[in-house]
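The block underneath contains the structure these notes are about, expressed in structure tokens.
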Amino acid sequence: MKNSFYKKEKLLIATNIISVTITFLLLGGLAFVIAFTQTGIRKLEEQAQITIFFEDAYPESSILNLANELENDPQVSNVNYVSKEEAYSIFTDLNKDEPVLLESITPDILPASLEIKTKKLADMNDISERLSNMDGVEEIKFYKDVIERFTFWTNVSYAVGIALVSLFLIVSYAIILITLRINIGYIGKELEILKLVGASDAYIKNPLVKQGVSLGLISAFISGALLLSFALIVQFAHLINTNIKFGFIPEIEIALPIFALIINFVLVASGAALGYIGSVSAIQKYINH
Amino acid sequence: MSQIEFFNLTKQYENGFYAVKDVSFAVSKGEFVFIVGSSGAGKSTLVRCLIREEEPTAGQILFNGKNVIEIPKKELPELRRQIGVVFQDFKVLDTRNVADNVAVALEVVNTPAEVKNEIIPNVLNMVGLQDKSNLFPYQLSGGEKQRLSIARALAHEPDVLVADEPTGMIDPKATWEVMEILEKINTLGTTILMATHDQSIVDKLRKRVVRIEKGQIVSDVEKGKYEE
């Protein structure tokens, strides 16, 4: 096929590539924002803990049995037993500059405790309620209000993130579709003549599909390259000294440039898919007509 | 055996209007047939149904024994290569020169360059445009554009050439040049089906005349005149 048959306005092409690139940049940028938010959430989740204080009479063996049970709990990530002696040691260490205070405290006055970390913040409430009715439990401490508020906003950020990602995908699809429709209108007479002289549907369709896929791919490559550059700058300038973590996939931890490469790949795949679907639907309507 | 046969062809639009109704006639190989009638009589609808640019509501069109209406969509390009079409508004590509306008018809079937280089001068010679192969359509007169359109239609060496008001937009001198070319093509064995309401042409050439009025055939005369 002669490309000259599908001559297009250079300015129109440039405008379309810029539009789709900006949309993909926003899409990729949004993925970074979600990733950074997730990393923050994971940090908090790793630090947040429930502390269970036990009554003095409650035997240490029962506390250790409970600790064993909790270690096998799927919601729990870590359990740490702090004996009365260890609690006293920590207390004296923390207050070593206040001898008056230390004189009033004896080793047996501080309670033994279990420090429990959960895999998800949202599980803290559940575990806290489960353990609060147990024999020997004197008090359970965790920042319930803060955790609940944080969990709420985390869920909101997921929902908003998914909605925005979907919106940007729809916008990208619409831009590609409109671009190709404009182009089909521009070369409509040529397409009509091609049909009249016996061109197959594929002969008419293929150049436009190639054009749509190219538009998606070029835009995805440009936006992907910009996002990767951003990630490398952040990494090498030590602006963020942590790997990317996700609350919804606790086991996964990846370096920022690797995350940028994954986003790059996703954008390129999305660009090709959107370009293909957009161009096929744009030309199919014309061919059916 | 007839080359083209229309059997009770009917095209009714959604608003109830019949463009053609129960039209039946046959065209033999090598014939030259005028389809005449006033504007809106249904001449162009017949042409468009023959190349499946329009889907009839009822009836059959047999072309070389095959029902055109039942041809699967993917096989329509093959049909359109066997039936060359010439339109009133030329339908030439303004961005391509004369030779490239003819080449378009050959490129859609991936014709090798050496074959194209043989066919293009031949068809341009047939329509008298051999010296204008590098000119663009804006440099041609109306008659020359129509001759270019005929040259493109001939590129596939079609069995039938269908012309829908080919002289409607050109002056009398150019009209006769186009008619001479169509007659020459016909003498070489190509069937010509020409829709027109130009009385002078029909009366002078005395070919078969099929008259359509309000979507129905009202007369079919061998060596006829426009008003017969």
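Residue positions begin at 1 at the first shown residue.
Glycine is no exception: its Cβ is also placed from the backbone N, Cα and C atoms.
It should be emphasised that the depicted structure is a prediction, and the values quoted were computed from it without experimental measurement.
What TrEMBL says about this protein:
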type	residues	note
TRANSMEM	A:12-36	transmembrane segment
DOMAIN	A:49-140	domain 'FtsX extracellular'
TRANSMEM	A:158-180	transmembrane segment
DOMAIN	A:163-277	domain 'ABC3 transporter permease C-terminal'
TRANSMEM	A:213-234	transmembrane segment
TRANSMEM	A:254-277	transmembrane segment
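Proximity of distant same-chain residues to the transmembrane segment (A:158-180), defined by a Cβ-Cβ separation under 8 Å and at least 6 residues beyond the stretch ends, is recorded for 12, 16, 19-20, 23-24, 26-27, 30-31, 33-34, 208, 211-212, 215-216, 219, 248, 270-271, 274-275, 277-279, 281-283. For the domain 'ABC3 transporter permease C-terminal' (A:163-277), residue counts in helix, strand and coil come to 91 helix, 4 strand, 20 coil, using DSSP.
For the domain 'FtsX extracellular' (A:49-140), the model's pLDDT averages out at 86.
Look at the domain 'FtsX extracellular' (A:49-140): DSSP puts its residues at 38 helix, 22 strand, 32 coil.
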